[in-house]
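Asks: Can you read through this structure? Questions will come right after.
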Amino acid sequence: MRRRLGPGFWIAACWILLVLAGALLADLLPIARYDETLAGPPRSGPSADHPFGTDGLGRDVFSRVVHGSRVSLGVGIGAVLLGLAIGGPLGILAGYRRRATDAIIMAFNDVALAFPSLVFALAVVAFAGASLRNVLIVLGVLGVPAWTRLIRGATLSFADREFVLAARVLGVRDSRILWREIMPNVAVPAASYAFIGMAVVVVAEGSLAFLGLSVQAPTPTWGGLINEGRTLMDDAPHVVLAPSLVMFLTVLSFNLVGDRLRALTDVRHSGLEPVRQAPPAAPAAPVHAVGDSLLQVEDLRTHFVTERGLVKAVDGVSFTLERGRTLAIVGESGSGKSMLIRSILGLLPGSGVDRSGNVYLDGDDLTRRTPEEMRHILGPRLGTVFQDPMTALNPVRTIGAQLAEPLRVHLGMNRKQAREEAARLLAQVGIPDPGRMLGRYPHQLSGGMRQRVTIAMALSCGPDVLFADEPTTALDVTIQDQVLRLLHRLREERHMAVVLVSHDLAVVREWADEVIVMYAGKVVERGPTAEIFGRTRMPYTEALLQAAPRLTDPAHHRLRVIPGRPPDLVDLPSGCAFQPRCAHARDRCVTEAPELLEDGHLYACWYPTGSPISEGAESRGR
Amino acid sequence: MILLHRLVRLLVVLLVVTFLSYALLGLLPGDPTTQILGLSATEEARAQLRQELGLDQPLLVRYADWLGGLVTGDFGTSYINQVPVAQELAERLPVTLELLVAAQIVALGLAVPVGVAAARRAGGTLDQVLTAMSFALLSTPVFVLGVLLILVFAVTWQVLPATGWTPISVDLGWNITSVLLPAITLGAGQLAVYARLLRTDLIATLQEDYITLARARGLSPRRILWRHALRPSTISLITAVGLNLGALIGGTVIIETLFGLPGIGRLIVDSIFSRDYLTVQGGVVLISVGYVLVNFVVDLVYAAVDPRIRHA
């Protein structure tokens with residue numbers, strides 16, 4: 001993935017080059033000497049002759065700032081190289097050797113970090129003599145712990161990667177692994193930190209100079225110039241402002257360059273709310289009449305704009321669901337099951353998402369609701385349970401606080417009522433001693449207990465539809481059955497509808513009334529459970545069924561798998577998305593995508609299994 | 001058990017820190033006797049003084065002696081003005097402490113709302129503006145910011161004093177005015193660090209399942225941010241508050257000099273210029289020990305924030 005450095009990076013880089021050129025060519029530039037007094041009238045403001053004005057002695061401030069950059073940049077570059085020269089090898093050693101070497105180096109590092117470094121630098125420079133060399137050495141050595149830490153971290157993160165482990169297994173010499181595999185990868189973070197370290201050192205040198213403990217007069221330094229200028233602030237503020245501005249811009253540029261380099265290796269972007277609300281899709285003429293079903297989803301599409309291209313995570317899904325029934329959504333990982341749920345609920349992540357289609361709840365189109373209006377529907381009318389109970393509960397809040405919250409927000413209960421109701425809900429999902437449970441934290445509960453809590457939470461406001469996204473996948477088998485029984489019982493008691501996402505076909509067969517099979521974001525087969533399992537038409541569904549291990553299988557029976565890999569959603573195969581993996585595929589499957597056909601139930605296949613065309617025909621290229 | 005382990009570790013670190021600050025400063029060139037007796041003193045007089053001060057002893061013996069004093073609160077007596085170092089430090093400590101606390105209040109008080117606002121719509125206009133501002137703030141050396149603030153508030157508008165210190169015991173109002181500019185100057189850089197950290201951690205937390213589920217329960221973004229996401233996102237922030245104390249204390253040296261505050265930082269700078277070794281050592285040790293202790297406490301604070309650590 002290519003990422004751009006952005007214009008800020010190049011502007012900053014140009015400024016650094018400019019300052020560097022000024023420092024190198026200071027003596028050749030046609031400007032007044034930095035120590036020439038009365039080069040102009042004292043304390044005069046900026047003019048053509050003196051672009052930064054003159055100081056109290058009539059010296060040219062511009063010239064003094066340019067000459068001052070020599071000390072700042074010289075110390076900056078020198079100290080960073082010194083820090084790298086010592087800290088780099090130490091970091092690599094600690095990160096690569098680990099164990100005792102690592103422990104010793106890092107223990108020293110921790111102690112070194114405990115020193116107030118600036119105070120220390122002050123004392124050392126003061127006692128050892130304020131010369132360029134001493135300042136450089138002190139600041140360089142003080143940078144060693146940070147360098148060690150950084151290089152160690154980078155080395156550690158690569159020393160575990162497959163290519164390094166592979167090289168180790170192959171018996172490649174350590175030094176060779178370090179040079180060939182680790183060094184190139186550590187180089188980017190090191191280059192990035194070199195610039196940030198430069199900023200740190202320039203500020204530190206400035207601080208010493210400001211206190212009068214860097215290179216001594218008459219050599220000008222930025223910190224020293226700012227300190228001198230302080231006394232003239234009343235009537236000649238430019239004397240202090242000019243070096244301040246130059247110093248600020250230089251430090252900013254170093255930080256910016258370092259930050260942009262670091263961002264090259266760092267990918268993360270998102271937020272709680274979309275950056276820009278996508279405009280509501282043009283009201284497509286409802287193809288299907290809106291029935292009086294509890295939940296009706298019509299041609300729902302959810303597309304993501306990614307750097308690689310458009311991902312059609314959900315691509316034209318329709319179904320209806322009545323009270324008291326369970327709809328199962330099955331498919332491989334990445335087939336769009338979970339995204340379908342999130343899309344129905346309007347819980348899509350941040351930016352770059354495009355949702356179209358309609359979701360009717362009792363005839364009311366949820367896709368037209370504002371986020372505020374949706375908040376009164378999520379919870380009271382639509383409940384949600386997620387796959388992993390370990391991550392579904394907030395680790396720092398008590399069960400009681402989390403369970404009572406929607407009750408107070410949606411049902412307007414007071415603290416006491418909410419607590420009592422929460423305890424009642426916990427009892428309902430079969431948690432013993434609910435009163436005590438309210439004060440517990442999630443990590444104190446077992447996985448099964450946590451999933452019961454999340455179910456209680458989803459049910460707290462009495463929803464009409466419960467969405468359960470793989471509610472038992474993360475639990476062990478005995479608990480799975482208990483949780484599914486619980487869901488079934490609650491569905492009956494509360495007369496709800498349940499949408500159950502699962503890849504476990506045994507579960508689906510036992511608990512669902514209807515089934516939707518998804519592949520690459522599309523529905524490929526849909527119908528009553530008995531139909532789907534009894535008269536499977538789509539070869540993908542058949543493959544899924546065959547891939548599921550059965551208790552009746554003989555021992556040491558070879559596990560059947562679906563050949564090939566799930567499709568790349570950015571670059572779907574032409575025609576039917578399943579055709580590259582399908583044993584029955586023919587030319588038509590490659591050129592033309594099948595629509596959902598009705599024959600007992602819905603399926604999308606040109607040559608469905610169990611039909612004479614499919615059975616008799618020769619399959620393509622196999 | 002864990003506490004005991006940490007206490008042992010704490011003692012070891014303290015021992016190393018005190019020794020290094022004693023040894024490094026002791027090994028530097030420069031002779032206290034010159035400072036006391038002047039350049040013209042005879043060699044015998046110097047030798048006699050060294051003996052009186054115990055400077056003829058080996059380094060380790062001197063360190064042990066000095067450390068023994070430290071434990072009982074005796075930091076030695078300044079060679080220069082004959083005042084006990086402990087007394088001098090104690091007089092100035094409240095000023096530095098107040099400055100540090102005020103700076104942290106400024107930094108944290110602003111960083112939390114700024115970080116939350118930026119994370120709420122990551123990549124949005126507000127986020128970009130706040131990120132750019134904190135970046136600029138991060139790149140402003142503390143003395144540059146201080147000079148600018150003095151220029152604006154003390155010289156141009158004349159609403160706050162440029163220098164000087166009024167203790168709380170004298171006048172609370174004046175105390176606050178005198179600590180305001182220094183605290184803002186010192187806190188600004190931390191504000192930027194904290195806001196960026198909190199923003200990054202919040203964005204990560206907002207990807208968690210329990211946040212999506214909180215949205216699925218129809219809770220408002222405001223409630224989710226403040227009640228659900230903020231606390232699990234503060235671990236890095238708390239670490240930074242401890243670790244950055246070193247930078248902050250370094251900053252007090254500059255700030256106290258710039259604003260003329262009679263604190264520890266100023267004392268160290270003055271003592272450095274007057275070659276008052278014992279006072280410098282005392283100051284450095286006080287700061288290092290304070291830093292180590294604060295980070296020890298920070299470790300304990302984690303437990304308060306995250307129940308998973310509390311019950312571990």
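Using the three backbone atoms N, Cα and C, a Cβ is placed for every residue, glycine included.
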Asks: Pick from A:6-28, A:236-258: which range has transmembrane segment per TrEMBL?
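Replies: Spelled out, TrEMBL records transmembrane segment over residues A:236-258, not the other listed ranges.
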Asks: Would you mind listing the long-range same-chain contacts of the transmembrane segment (A:236-258), meaning Cβ under 8 Å and 6+ residues beyond its ends?
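Replies: Same-chain contacts beyond the flanks: 8-9, 11-13, 15-16, 19, 43, 45-46, 52-56, 61-62, 64-65, 68-69, 72, 76, 192-199, 202-203, 206, 222, 225-226, 228-230.
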Asks: So which of A:71-96, A:103-128, A:134-151 is most in touch with the transmembrane segment (A:190-216), counting Cβ pairs under 8 Å?
Replies: A:71-96
Asks: Any residues 6+ beyond the ends of the transmembrane segment (A:71-96) with a Cβ under 8 Å from its own?
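Replies: For the transmembrane segment (A:71-96), the list is 19-20, 23, 102, 105-106, 132, 135-137, 139-156, 159, 174, 178, 182, 186, 190, 194, 197-198, 201-202, 205-206, 209, 214-215, 219-222, 247, 250, 254.
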